[in-house]
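Down below is the structure, laid out as structure tokens.
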Amino acid sequence: MITTTGLTKVYQSRDREVTALDGVDLHVREGEVYGVIGQSGAGKSSLIRCVNLLERPTSGTVTVAGQDLTALAGRGRRASAELRRARTRIGMVFQHFNLLGSRTVLDNVELPLEILGVSGRDRTRKAGELLDLVGLADKAKAYPGQLSGGQKQRVGIARALAGDPQVLLSDEATSALDPETTRSILQLLRDLNQQLGLTVLLITHEMDVVKTVCDSAALMRRGRIVESGTVAELLATPGSELAHELFPVGGTASGPDRTVVDVTFQGESASRPVISQLSRTYNIDISILGAAMDTVGGRQIGRMRIELPGRFEENVVPIGFLREQGLQAEVVEDETGPQAATVVPEQTPAALTKEVVK
């Protein structure tokens, strides 16, 4: 549904150039919720603004629903008629709600329909339906100043849906909201994704957003995508930075002759007593150094850091036992020396891409 190829954006800043995007290749499948995460300055907002050409890419292509938007951009600063028509299929929600304070909630949602030339009766009906969809039918005659932050963002979402888009872009839409309101907005985005078949591309710096709502995710750093894949693939990939951030676990070896292993549980394996089985089967004492578990996409997923007695060479069989139970097991690098070994799955998911940034 959304594909960027070799996307580059360079800004001119006085006497120097600033590269915000450096050859970004991104593919968002139809009907999925895709999260792009990274620290401030990573290039996330530049990326999402290039997707609908609010920012003109310096080079590369952007394709949405099979149409190359960069080919429609034209040469002037004003968007071509073809690009404006293509943009009606792309809705966008911003961090700051950008509502007109002098207009009612209903009038704010009607605004894009006015611009599209929809008749008064039809746009009022459409705006009312959208407010009902986002749970604000009773606020149609209210003004933005009378709404909470979460309600304002719901109005922004309703407005973004006015043109019946196929794609919804969300630029840090929950970063100014409290945790409870954030959860309600994320649930709304997921509901809209499922009810309307929307493809959602969201930008965030919060790992909880990815964990709560995303099917796939990408990590950006210095204008490049350094890791991407479905959330399930990322969690199943030893050494994944995103997996580590989604489910952080800590703890170091208590002595030199100890082996520390990160174990990832997914699905049925998350509810089985595998660690106690390991202890009984091999008659070894296992220390749990840290653990994190949550539900992602309706599946229970977790990571646990355990310590086994003895060096790695003495624990090859117990670690193999963990793999036989359908778990991912990775030996953690010794902080005092190079990593002894890493136990990896027999086959890395083909759809997962990972790039080392030099």
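Glycine is treated like the rest: Cβ placed from N, Cα and C.
Noted in Swiss-Prot for the protein shown:
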type: DOMAIN; residues: 2-247; note: domain 'ABC transporter'
type: BINDING; residues: G38, Q39, S40, G41, A42, G43, K44, S45; note: ATP binding site
Count of other CB atoms lying within 10 Å of the CB belonging to G43 (ATP binding site): 24
Assigned conformation of G41 (ATP binding site) - DSSP reduced to three states: coil
Sorted by sequence, non-G38, Q39, S40, G41, A42, G43, K44, S45 residues with Cβ within 8 Å of centre, ATP: H205, M220
Around the Cβ of G38 (ATP binding site), the count of other Cβ atoms that are within 10 Å: 22
Sparsest-packed of the listed binding-site residues (Q39, S40) - C-beta count within 10 angstroms: S40
